[in-house]
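The next block holds one structure in the form of C-alpha cells; read it before the comments.
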Amino acid sequence: MINKKNNLLTKKKPIANKSNKYAIRKFTVGTASIVIGATLLFGLGHNEAKAEENSVQDVKDSNTDDELSDSNDQSSDEEKNDVINNNQSINTDDNNQIIKKEETNNYDGIEKRSEDRTESTTNVDENEATFLQKTPQDNTHLTEEEVKESSSVESSNSSIDTAQQPSHTTINREESVQTSDNVEDSHVSDFANSKIKESNTESGKEENTIEQPNKVKEDSTTSQPSGYTNIDEKISNQDELLNLPINEYENKARPLSTTSAQPSIKRVTVNQLAAEQGSNVNHLIKVTDQSITEGYDDSEGVIKAHDAENLIYDVTFEVDDKVKSGDTMTVDIDKNTVPSDLTDSFTIPKIKDNSGEIIATGTYDNKNKQITYTFTDYVDKYENIKAHLKLTSYIDKSKVPNNNTKLDVEYKTALSSVNKTITVEYQRPNENRTANLQSMFTNIDTKNHTVEQTIYINPLRYSAKETNVNISGNGDEGSTIIDDSTIIKVYKVGDNQNLPDSNRIYDYSEYEDVTNDDYAQLGNNNDVNINFGNIDSPYIIKVISKYDPNKDDYTTIQQTVTMQTTINEYTGEFRTASYDNTIAFSTSSGQGQGDLPPEKTYKIGDYVWEDVDKDGIQNTNDNEKPLSNVLVTLTYPDGTSKSVRTDEDGKYQFDGLKNGLTYKITFETPEGYTPTLKHSGTNPALDSEGNSVWVTINGQDDMTIDSGFYQTPKYSLGNYVWYDTNKDGIQGDDEKGISGVKVTLKDENGNIISTTTTDENGKYQFDNLNSGNYIVHFDKPSGMTQTTTDSGDDDEQDADGEEVHVTITDHDDFSIDNGYYDDESDSDSDSDSDSDSDSDSDSDSDSDSDSDSDSDSDSDSDSDSDSDSDSDSDSDSDSDSDSDSDSDSDSDSDSDSDSDSDSDSDSDSDSDSDSDSDSDSDSDSDSDSDSDSDSDSDSDSDSDSDSDSDSDSDSDSDSDSDSDSDSDSDSDSDSDSDSDSDSDSDSDSDSDSDSDSDSDSDSDSDSDSDSVSDSDSDSDSDSGSDSDSDSDSDSDNDSDLGNSSDKSTKDKLPDTGANEDYGSKGTLLGTLFAGLGALLLGKRRKNRKNKN
C-alpha cells in the first residue's frame, strides 16, 4: 500500500490574474501546517476597459479621475514585490519519520493590470504537531523539542483595481523542493501585501507569466450579474440561509500523526487540567536561558497578528537529579496568547532527547494558559539532564480585539519568568471607492473538514450603491465546496456598534441576524451570490463550508469573496474589492510502499575499572576489578547532555546516536581515586581514555571508550614539640616534649583542614592526606618563648617555627617540629604613687644580725588599756637573733596609755623563736610620754631584696637621705594595695636614754604593714646592719626628726619594782605598746578596706 504523508508544499504553475503569492499564516494540525492568506481583488467596469482597449488617448471621466486619485495614493505606499521562503519540517511521532520541505516563491515583473488578485497560500502537513521544534537532523543533536506550530494561522493580501491604463503582470515562481530528511522543524515566514492596480485591456497566459484577460469583466460592466436579487438595507431577520444544518465546528480535534491519506485522530481537549502524578518539582528546575522573540522582525516590537506573526518562547533548563518519574513541572504562556490561531484543540509536544527518548509528556490547561509536564522514568535512568523547549503562540483575539494594543507579555518555566513589550497590529479593510471589505478564515475543523470564514462588508460605512457580494470556492490551487451544505449567516451592525479590529466575532448574538434566503442564490460554478442593494451600514457574513482532503489533486483550501458597488448608474461603472483566503495543504508519500525506514542509530560504551598496577591497561593484574557507580556523561554537539552510572560490572552505554556526529564522553573521578595513564599500549579496546574523550560515530558502534582509576595513596604529617632548655633550637636527648600544644593543619589557601594537640610526649600527627601543599601552625604555650629555628643540618631535629609551609609528594613527612623555653623575666608591676619627699639623711649602718626565729601564734586581741607611765631607761642590749617570721595579724585594740618610764637595762638575749601569728587588733591609743632620747646612728646597708609589691600610696615626706645600697632585685609583682592609715598620736615624752646597741641580725621578713605615725623625735643613732629583706609594705609617714644622742650605760639591772628608773621603764613599755597598737590598728583598717 502507499502511505501518504501530508507535507508542506505549494503548487507552482502559471495562474492568470494572480500575483504576489506567498504564505501568510501557518498553523499545524497533526502533521498539517495551515496558512491562511487573503487576496484582494478589484474589478473595473467594462466601459473603462473597453475605452482603453480601443484607444490610447488618456481620456477619463470625472468619476474615474477621482477613482484613480484614491487608488494611486494607496498604491504608492503599499505596492511591493515580495519573495517568501517557507521552510517547514514535520515530525511524525508514530513512525519517527521526519519530512522536510522548503518553499521559495519569487515574484518579479509586476505590472499594472485590469484585475490584480494576489493570493497567499498556506501549506499543511498532517503529521503530529508539537510546540517543541527540532532542528534538521543533519547530524546535529539537540535536547530540544522545537515547537511545531500547532495552530492555524492566517493573513491577508489585498489589491485594488481601477480600469484606466493597460498593464500586465508577469510572475515568476520557483517550484518548492520536498525532501524527506529526518527533520522536526516548523517555521514560516508570512507577510501581507496590499496593492492598488489598474485594469489591463489584454492578457495572455504563458509559462511563468500571468496576464489579465480582457474578457474578465466584459459582462459585468453594464448590468449586474445574473441571478442577483436586489435588496435594500431594510432586511428582516430570516432563518438560516439555505435552511441547512451544520455540525458543530468549534472545539474539534485535529490530526496529530498519520501514515495514510485518511489520518487517525489524536487530540488534546482544552480546558482539561493535567492529571498530575507525583509532586510538583518546579523548585528543582533550573532555567539557564530564556527569551521571547517576534516571528518576523524581532527589532520592531510589533506583532502583525493578521499576517500570522507569532511569538517564539525559547527556554533552556536543567533537571535536578532529585526529580523522579511521575513528578511534574509547569510552563506558562502569556495570558493574551493562544497556542493555536484557528483550532480549539492541539497537541502538546513531548520533551525528548536527541536519541528520541521521552523525558516528559505534557497536557494543557486552556483556562490558566499552562502546560503541565510529567516526567517519565527517563529521569530515573539518567542524571545531569538538560533540555531546550521552543514554543510558538499567537495573539488571542478574544483578549486583544483592538488595533495597536500594547502588551507586556510574560512566559514562565517553573519559577523563572521572562517579559517582553510588544504592540499588536491588525490589517485595515481593503477599499476601492465605495467597495470595501475585510475577510479572514477564523476556524478550521479538521475532524469534520469544515472551515469558517468571517467577512466584513462595508466596515467603513460608505454609501454603497447596488452592492453585490460573491463567495466562491473556485480557487486556482484548491477549492471549498459551496453547495446545499454550506451555511451562510448575515448580521447587520448597528449604528452604535463597532466591529472588532481583530476580524474575529465571538458572540454573534450581539448583532442583528438578517439572514434571508431570498437575496442569496447558489450559482452554477461552486459559488453563491448575495445582493445587498443600497447600503450604508456594515454587515457581517459568516460562511461555513466543507473541503475534501481526499481529492487526488487536493492541495489547498481557498475561498474568495468579492464586493462590487456601482459608481455611475448611467454608465454602469462599478468597483470591486476582493479577498482570497487560503489554507494550503500538501501531501507526499514515502518512496515505494510502506513507511520510510527509521534512520539507523548507534551506541557508545563501555567499561570503567580499578587499575591496581597503574599501567593504564586492563587485565594486567589479577587484583584489578570493575568500578561501579561511576558517573559518565554524554554531551551532544549542541551542548545538551545526559549522564548514567556504571553498573556492578563497571559497564555503561549510550544509545540512539547519529552517524557522523561527534560526542563528548566524560568520566567523573570517583572519590579516593586518581585517573590512571591514558592511551597506554597498542590496543585501544584495553587502554584508558582518561577523564574525557571526543568520539565520532563512523557508521558503527564504538564500544572501546574505557577509563581506569587507581586508589589515591594517603600520607601523614607530624611530629614533635619539645622543651628546649638550652635554647639552641635542636632537640637534645635530655630535653622533654611539651604536651597540650595546639597544632593546626591548613590547605595552601589557609583554609583549616584539621586541628590537634600534642600528646604527653609532645607528639602530634595528621593522617589521610593527599599529595599537595599544606600549612602547619603551632600555638605558642603560655609563659614560653619560641626557640631558634632552622638550626643545624638535620631537618628532623631542628625547630621549624610557628608556621611552616609543607609540600607532600608521594611520601609521609615527620620532620615538622618546634621548640620552646621558659620566659626569662616576666614582670608586671602596677604602681601608682604620688610622693613629695624632702629628706636629709646621713646613714652609715653595719648591721649584723643572726636570728633564727620561728613563731607560730594566733592571737585575737581586744584590749582597752589605760596606761600612765613615767619611765627612765638606760639599757645595754646585745642581741643575737635568727628569725623567720610569717605573720598574718589582725589586731583590734583600744588602748589609752599615759606612761612615764625610766629604764636602765642591760640585757643579753639569745632567742630562737618560731612564730606564726594571726592577730586581730583594734587599738585606740592615747599616749602621753615625755622622753628624752639621745642616739647616734650610723648605717651601712647591703640589702638583697625580693619583693612582690603593689603599691598605691599617697605620701608626703620631708626627707634628705644619703644612701649607699647594693640591691639585686628579681620581682614579679602584681599588687594592688589601698592603705588607709589614720593615726592620731599625741605623745609627750621626756626620756633619758643612754643605749649602746650592738646588733647582729640576719632576718628574712615578709611583712605587710600599714603605719600612720606622727612623732616628734630627736635621735642620733649608730646602727650597723646587714639585712636580707622580702617585704610588701604600704607606708604613709609624716616624720620630723632632729636629734643626736649617743649613750652608753653599764648599770646593773635593778630588781623588779625597786629600781629608781621604774618610771622611765614604764614610759618605754607604754610607748612600745602604743606603737604596736598603732601598727595593728593600721593593719586592721587595711584588711577591712581590702574586704570592702
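The backbone N, Cα and C atoms fix where each Cβ goes, glycine too.
Within the set 579-590, 663-674, 687-698, the record from Swiss-Prot flags 579-590 under the feature region 'Interaction with human fibrinogen'. For the recorded site, GLU309 (Ca(2+) binding site), the DSSP three-state label reads coil.
Considering other CB atoms within 10 Å as the measure, the emptiest surroundings among the binding-site residues GLU294, GLU309 are those of GLU294.
For the domain 'CNA-B 2' (714-824), residue counts in helix, strand and coil come to 0 helix, 49 strand, 62 coil, using DSSP. Taken residue by residue with DSSP, SER299 (Ca(2+) binding site) is part of neither helix nor strand, so it is coil. Long-range neighbours of VAL302 (Ca(2+) binding site) (same chain, six or more residues apart, CB within less than 8 Å of its CB): GLU294, ILE422, THR423, VAL424, GLU425. Mean model confidence for the region 'Ligand binding A region' (52-599) is a pLDDT of 66.
Outside the compositional bias 'Basic and acidic residues' (802-814), and at least 6 residues removed from its termini, the chain residues within Cβ reach (under 8 Å) are 713, 715-719, 765, 769-778, 780, 786, 796. Packing around SER299 (Ca(2+) binding site) is summarised by its Cβ count: 8 other Cβ atoms lie within 10 angstroms of its Cβ, all protein chains included.
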